[in-house]
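Below is one structure, written out as structure tokens; the observations come after it.
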């Protein structure tokens, strides 16, 4: 596919075009990257709002009666969520080589870890809600909006992964020539993991600095 | 569809028939609702945005009627608040951006030599969401429940305590709903321009209009989330008692303003940038030469897109921020005039060096330069903090941004409408009618808004429903009102011109203007598949380039793989080397169904029917799952886009 022939080459090399493995980034890849970019900006705005309100608030942060956030549970949650990117990578590389069992097992493992994360978050909420809610003050509003919004993203990611798993189990929808969607969902999942690290720093670690 | 296409040599009638079969739809109701053709979607964007423009314009006329004389009683203060809020909100969100995205939808694939957008179904979805969100917001007006706190919706005035009722819930939910459409369209523009360009259209041969649309889309990607976060917080504060903007609960009202203007200032460029792209697209045809300084204009587009994120605080000079931020944002606001100036000088040079063909589109371009420069001057004045403190929230500001937005966006849009009408409809417009409309619009605009500088300086505040008789206010207000009617008559004549062209206009040839970009290398209106043979680009002005025509003739015999199904060619990002042929999606009702489910969701959120909203959210998820369910096509190795 040299420059010399241009579209003529593209067209006369018809067979080459249709049988060659995809080269370069696909449109779907770019679409997912742009979507993740706008979502990342959204989280940046949320975390920026956190710091803005914090610095306007005064020396006591979190406010009186709430106290610095517990660290143990969020660290456990991190230890569950961040490694969950590994089975996604395993699954994606597997299907590139046509190994459907790797796709299925990797996705299943990710789902397990993601659901564990959500379960842990639910117990954390149950605990926190005894002390403060969204309506207690601005700290509570920020805490539940930011972590809740991230939890929603985990849920969306899990839905996408469950969808891939279902499509794959239903019978060979993905193969060595057709794994774009696995790659795109993987990008989204890595993004959800990375955002959690930023949230861990902002909500749980920064008040202790 | 037009029958003017004569197949290029080497393409048989059967080839064309096969392409038409792959890309066309049956003319049925189902076909109408399920189409994913970017040209139809682009036309719908233009018509729908035009409809919202008429509604927003009528709101303005009522306001100007009320303000013609002091202490008039045409509308009540409450009605006036809703009118100016809907006028601003609709003009910014439901007219300016969607109108320009309409041009982008119709033109970007044609200009880059593709057969559709990168994600055709997402494109259709974006249109339906735009339509539904627009109706969602306008529907509140007859019930007296429309947004009533300006298009910027400052807290605490927009908060529950000071503003009970549905007004600002409509605003927050409506804009969140609409944001889905804008984001989807922006992602689509970026990917389309990156991956679907005709072979040979390397980055230094991309038309300036496409550059402008892509830069705009990038700005949307990074600016709109701030508005979304803002509106989500406003809705939570109003409905669920959170304290993001409530000082008594540790919140801060300035947080709203920061987030709003982090979005809002780039938004000015989101509106103006594609309009400037239209100017760069129109000029070559009417000056008979390429636009001067192509690389400089591209650099200017890119740098405006970046710097526009560093100037938001200049909307907040009156809020008592630290001195250092005044200095920084004052400097940034001054610096951004440099790339804007570069473009203006490039266009002036183009006109000076070219041979002017004074048709209606060029008249609007000249009207644009005059008006936009005046608006730019008053804009530079605001960068001086002291002056800004004097005129902020007065009619001087109203004058300034109408010069920028009408001069900088509406005039180029009107140029674009006349320029591309033959391409979009296949009909020529009536030249004399067009000239009359231009002079009325131009005069009406200046008679309306120039006096506002004066009575703004004399101290008349904006957003007031009436005023006491003051020396220096009464007379000029009457002049403004007369001007607004002139402007309305002019715009009506534009509409009459479009209808006249559709009914009586003589059929347009493929290239009535001898334009330089690829859309002129197709039929008017283009066939559903855009190009019988995808062209090969050799220069910045492919439609003026014999080699491109030659490539179509040479490629014709060998273009089989791309015409054997609903396919287009994917090329590399920088150099546009062919990479692979992709199968494009067929027509489907799913985009409409998904947008409908979202409409149910937002409506039930508005009326606090939360169980219904939960069901609708599940329906949204289910629809997406079904929509994207992978099919097992025999030709799956082509890779599926979409």
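Including glycine, each Cβ sits where the backbone N, Cα and C put it.
Since we're looking at a predicted model, the values are computed, not measured.
Feature annotations, courtesy of TrEMBL:
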type: DOMAIN; residues: B:26-538; note: domain 'Cytochrome oxidase subunit I profile'
type: TRANSMEM; residues: B:45-63; note: transmembrane segment
type: TRANSMEM; residues: B:83-112; note: transmembrane segment
type: TRANSMEM; residues: B:124-145; note: transmembrane segment
type: TRANSMEM; residues: B:170-194; note: transmembrane segment
type: TRANSMEM; residues: B:268-286; note: transmembrane segment
type: TRANSMEM; residues: B:293-314; note: transmembrane segment
type: TRANSMEM; residues: B:326-350; note: transmembrane segment
type: TRANSMEM; residues: B:362-387; note: transmembrane segment
type: TRANSMEM; residues: B:399-421; note: transmembrane segment
type: TRANSMEM; residues: B:433-458; note: transmembrane segment
type: TRANSMEM; residues: B:478-502; note: transmembrane segment
type: TRANSMEM; residues: B:613-629; note: transmembrane segment
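Proximity of the transmembrane segment (B:124-145) to the transmembrane segment (B:613-629) is not established, fewer than 3 Cβ-Cβ distances being under 8 Å for residue pairs spaced 6 or more apart. With pairs at least 6 apart in sequence, the transmembrane segment (B:326-350) and the transmembrane segment (B:83-112) have fewer than 3 Cβ pairs within the 8 Å limit; the two do not touch. Sequence-distant contacts of the transmembrane segment (B:45-63) (same chain, at least 6 residues past either end, Cβ-Cβ under 8 Å): 74-75, 80, 83-84, 86-87, 90-91, 94-95, 98-99, 101-103, 105-106, 127, 130-131, 134, 138, 424, 484-485, 488, 491.
Mean pLDDT for the domain 'Cytochrome oxidase subunit I profile' (B:26-538) in this predicted model: 93.
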